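Colleague: Got a structure here, written out as C-alpha cells. Questions coming.
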Amino acid sequence: MSERVLIDGYNRRVDYLRMSVTDRCDFRCVYCMAEDMQFLPRQRVLTLEEIYQLAQSFVALGTRKIRLTGGEPLIRPGVVGLCKQIAALPGLRELCLTTNGSQLGKLASPLFDAGVKRLNVSLDSLDAERFKQMTRTGDLAQVIDGIDAARAAGFTRTKLNCVVMQGRNDHEINDLVQFAIERDLDISFIEEMPLGIISEHSRAESFFSSTQVRERIAERYTLIDSAESTHGPSRYWRLAEAPHIRLGFISPHSHNFCGTCNRVRLTVEGRLLLCLGNEHSVDLKAVLRAHPGQPERLEKAIIEAMKLKPYRHNFEVNDDVQVVRFMNMTGG
C-alpha cells in the first residue's frame, strides 16, 4: 500500500503537527497573553483520549513529527501518559514538547522515559527580576533547575526559545548565547508575533528583528551560516567559537518561512489552524464527537482541510492585530 501523505493546495507536504494540550499556563508572559486571561471551560477542551485519537489520525496520514504545546503542557494532569501513548504510534518519528520549564524539575525524567525526544524551553532573560517582569509570575531559578534536570534525564539537543523585545531584553542576547554554550543547548531567537490584543506594550516599539539579533551576536562571536533543519521554522547558524551548538532564528516578520511551511496546529478546543497568522480553521472536535469510533470520517475532514491552508500569513510590524486569539489559545 502506498504511503499516505497530506498535501496542501500549494503542493507542500504537511507532516508536522503542533498540538495544544491546554490553554492554561502558570506564567502570564507579556507577549503571549493578557494578565487577566480568561481560560476555557473544561467542556470546551479536548479530553486526553480525544487528543490521542487525533494524533492517531494525523500519523495515519503521514505526520512524522508532533510537538505538544500549551499554554503550559506540563500543568495538564495525565500529560506524561499521553506522551507515552503518542510516542508509541507506528510511523511517528519524533515527539517533542515546548515548555516554560517550571515543571521540568519533577517531570523531565518521566517525559524522557515516556518517549519524548526533544524539549524546547522558553527563556527570555537571565536576570531574575526581569524574568519575573516578562513572565509576570515566573521563577527564574526554578526554570534553570528544570533545564538542568532535563540534561540530567538524558535529553540532548534541548533548545532555548527567546523572544527578543527592544528595550526589554535585547541587551541580554549574548549572555543567553553564553548560557546555551555552557550547558550545551541550542537556542532560537524569535521575533514577537502579533497574536491577540495587548495593552502592556507597543509591539511596533518593542520589535527587534532577527537581523538585529545576528548583528548583536556578531559583536562577540563568529557566525557561520548552516543549511541544517529541524523540520520547523528556525533557520540555523553555528558559532566558530562553539560549533557544538546551533543558533536558530524564527523570523515571521523579516524573513517569513511560509513558502516551505510543512505544519499545522491543533488547538485544545479541537480547531485545526491551517496557518499561525490567519483565522482559517476547521472544527475537528465536532467531527470527532459526531462520529465516534469512525477514524475514516476524521481523516477525510483533515484531508479536505488542507485545501484551506493559505500560502502565507499576514503579519505586519505595527500594532494592527490581524489575529485576535492569543498565543496560549493558538498553541505556542
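Cβ from N, Cα, C; glycine included.
Fair warning: this is a prediction, and the values are worked out from it, not measured in the lab.
Residues annotated as GTP binding site in Swiss-Prot: ARG18, ARG67, THR98, LYS159, ARG263, VAL264, ARG265. Residues annotated as [4Fe-4S] cluster 1 binding site in Swiss-Prot, with sequence analysis given as evidence: CYS25, CYS29, CYS32. The S-adenosyl-L-methionine binding site annotation in Swiss-Prot covers TYR31, GLY71, SER122, MET193. What Swiss-Prot lists as [4Fe-4S] cluster 2 binding site is CYS258, CYS261, CYS275. According to Swiss-Prot, the feature domain 'Radical SAM core' maps to 9-220.
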Colleague: If you average pLDDT over the domain 'Radical SAM core' (9-220), what do you get?
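Modeller: PLDDT averaged over the stretch: 94.
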Colleague: What does DSSP call TYR31 (S-adenosyl-L-methionine binding site) in the simple three-state scheme?
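Modeller: Once the DSSP labels are grouped into three classes, TYR31 (S-adenosyl-L-methionine binding site) ends up as coil.
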Colleague: Taking just the CA atoms, what is the gap between SER122 (S-adenosyl-L-methionine binding site) and ARG18 (GTP binding site) in Å?
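Modeller: A Cα-Cα distance of 16 Å.
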Colleague: Reported as an integer number of Å, what is the Cα distance between ARG265 (GTP binding site) and CYS275 ([4Fe-4S] cluster 2 binding site)?
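Modeller: Computed Cα spacing between ARG265 (GTP binding site) and CYS275 ([4Fe-4S] cluster 2 binding site) is 7 Å.
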Colleague: Cα within 10 Å of VAL264 (GTP binding site) is the criterion; apply it to the binding-site residues CYS29, TYR31, CYS32, GLY71, CYS258, CYS275 and give the hits in sequence order.
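Modeller: For VAL264 (GTP binding site), the binding-site residues whose Cα atoms are within 10 Å come to CYS275.
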Colleague: Report the largest Cα to Cα distance, in Å and rounded to a whole number, among the residues TYR31, GLY71, SER122, MET193 that the record lists as binding S-adenosyl-L-methionine.
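Modeller: This binding site's residues have a maximal Cα-Cα distance of 15 Å.
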Colleague: With H, G and I counted as helix, E and B as strand and the rest as coil, say where DSSP puts CYS275 ([4Fe-4S] cluster 2 binding site).
Modeller: coil
Colleague: Given the binding-site residues CYS29, CYS258, CYS261, which one's Cβ is surrounded by the fewest other Cβ atoms within 10 Å?
Modeller: CYS258
Colleague: Whole-number Å only: compute the distance from the Cα of CYS32 ([4Fe-4S] cluster 1 binding site) to the Cα of CYS261 ([4Fe-4S] cluster 2 binding site).
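Modeller: About 22 Å separate the Cα atoms of these two residues.
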Colleague: When you rank TYR31, ARG67, GLY71, THR98, MET193 by Cα distance to CYS258 ([4Fe-4S] cluster 2 binding site), which of the binding-site residues ends up on top as the closest?
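Modeller: In terms of Cα distance, CYS258 ([4Fe-4S] cluster 2 binding site) lies closest to MET193.
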Colleague: Cα-Cα, whole number of Å: LYS159 (GTP binding site) versus CYS261 ([4Fe-4S] cluster 2 binding site)?
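Modeller: Roughly 20 Å, rounded to the nearest whole number.
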